[in-house]
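Per TrEMBL, the features are:
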DOMAIN    17-94  domain 'Cytochrome b5 heme-binding'
TRANSMEM  125-142  transmembrane segment
TRANSMEM  264-284  transmembrane segment
């Protein structure tokens, strides 16, 4: 299939002839006054954020910054989006200004963009329809078999347990599949992805596609960045990373006994046994790639460095691929969120080579170690909070 995104290039016309420094751009990074840069073009998105299909927050997180890599990563068809950007163009960076903000590594950014272009040329962003058709088929089959068993043979303890396991499996797998559709990585047309996403997450799982999009794309935009990634906003139930627990401790905030959070983490409970099993499946798979990684405030890193600091991979195997919905390739998924998951293993060696060139850690763990690291990271953060709370 043809490349989805196209080579990174100018995304607007000459709607503005002014030139700006990064210092000027960065002054417009507040609510009610927001600019951003895409391929050296400066856009005033202050009014547009309210109409942004991906939500206000995900685009606002890049106010005052270069959003080139994020723009390309999130939009399968940048040419379509360009018509919306044209009226927002107010100028471009001055010739003396670097293309990247906050002292980001220009060579690293350029190398990643070259990798992105190679990925597109080699068709790694193109999905195989049969793969996802069979995947949806095995989910529907499990649902039908479970309900059929109950309908024909009743609700004995043994059948209830068997059907609970089958439904937990189908629901977990439906969670991975809705994730594929939500990232627009399956169908050529975004509208088809949206329809199938709403079917899987809405009709099979009973959740909101809009809610998922609003939260999940913020997570991809700024993974593990406090106040920007909703996945690390624990509503005072947990303190995460090395910085947040110390901040809570210094401020004497004690909504929960955080030094015991590695223990009460296991007390998560759900209304039904099926949801209980599914939620644990979901929580362990999604958090083992992120919670043990670095969690900090905004540091204005380049796209590659930011994603690698907040994500890690789990070893590849047929079971791990199926069990995690291919999110064992979390690094590749974060770098290329619209890539079909069956291509992650193809791009992984290219990403690893790029990371080795620039000295960026590329972490791959066993499934067992990844799960243990979740508990260890919670214990560490809880201890940091206790020390700060008692002594600072």
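Going from the start of the chain as shown, residues are counted 1 onward.
Using the three backbone atoms N, Cα and C, a Cβ is placed for every residue, glycine included.
When pLDDT values are averaged over the domain 'Cytochrome b5 heme-binding' (17-94), the model yields 93. Per DSSP, the domain 'Cytochrome b5 heme-binding' (17-94) is made up of 32 helix, 21 strand, 25 coil.
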